Amino acid sequence: MPSINDTHFYPPFFLLLGIPGLDTLHIWISFPFCIVYLIAIVGNMTILFVIKTEHSLHQPMFYFLAMLSMIDLGLSTSTIPKMLGIFWFNLQEISFGGCLLQMFFIHMFTGMETVLLVVMAYDRFVAICNPLQYTMILTNKTISILASVVVGRNLVLVTPFVFLILRLPFCGHNIVPHTYCEHRGLAGLACAPIKINIIYGLMVISYIIVDVILIASSYVLILRAVFRLPSQDVRLKAFNTCGSHVCVMLCFYTPAFFSFMTHRFGQNIPHYIHILLANLYVVVPPALNPVIYGVRTKQIREQIVKIFVQKE
């Protein structure tokens with residue numbers, strides 16, 4: 001295989017153009033993205049701090065929430081700082097290795113979040129359908145195994161993306177009309193057939209579809225259990241415990257769904273719309289998740305208020 005310094009096979013760097021078609025608006029677009037990114041950083045760091053310092057929150061649900069915050073921090077930080085560098089300082093250049101690394105982390109964190117949402121749905125299923133056995137089922141050992149699955153499955157699925165890109169010649173093509181590196185965009189620059197890349201990408205998407213089916217199945221069982229509860233107050237309490245997770249799922253899958261649909265079937269939609277949707281997908285859910293849990297989860301809300309009151 002040619003070396004990574006062979007500019008005919010691998011370009012020494014890629015140029016990320018940002019959002020072609022909205023070049024003159026880059027500086028204005030950057031400010032809302034910067035604000036949302038800061039909200040994501042502060043919100044998720046706050047969630048992690050509260051869960052770490054408050055012993056009463058050392059429970060399965062909050063361990064999974066801490067994992068969600070770490071994933072959201074990773075997903076947003078792997079994309080937005082580079083985007084802001086492009087918009088503010090015209091730092092379009094990214095090394096070939098750096099581009100592959102960014103691609104790996106974007107797909108890794110995205111995949112981890114889909115698996116974690118399945119795990120969180122299972123957590124709510126056990127909490128509502130088997131409340132008396134909750135602590136017996138979700139032991140520390142079980143939580144460790146589930147966390148390993150969240151990381152391990154996506155490590156296995158995402159690593160081949162790197163080698164699928166490394167096998168392709170680029171013939172000097174290095175202009176990426178995007179704000180970050182992702183598998184489909186890089187493969188599209190190659191001057192060789194990418195059928196294997198496409199097939200593998202569809203296979204990975206099929207895993208995500210299975211995740212969605214598992215989540216939906218969990219909530220069908222949860223709803224059946226909730227409607228069998230004896231009183232309306234108990235049913236409302238059960239719905240409330242699932243509300244945060246449902247909101248998080250909607251925040252994650254809704255922009256992903258629209259991004260996928262416009263990419264697959266929106267050939268007449270301007271390219272900058274595709275890029276804007278792709279960028280919203282990596283920053284809006286990480287910003288909204290801590291807000292949702294901070295507002296809807298009583299234990300989190302009380303501890304945040306307690307911390308700020310004590311500081312005052």
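Placed from the backbone N, Cα and C atoms, the Cβ positions cover glycine too.
Because the structure is a prediction, the values reported are computed rather than measured.
Going by Swiss-Prot topology annotations, Tyr10 is found on the same membrane side as Pro270. Taking each of the disulfide-bonded residues Cys99, Cys191 in turn and counting other Cβ atoms within 10 Å of its Cβ gives the largest count for Cys99. For the transmembrane segment (239-259), the most Cβ-contacting stretch among 57-77, 102-122, 142-162 is 102-122 (pairs under 8 Å). It is 57-77 that, among the stretches 57-77, 142-162, 199-218, forms the most Cβ pairs under 8 Å with the transmembrane segment (275-295). In the topological domain 'Cytoplasmic' (123-141), helix, strand and coil residues by DSSP number 16 helix, 0 strand, 3 coil.
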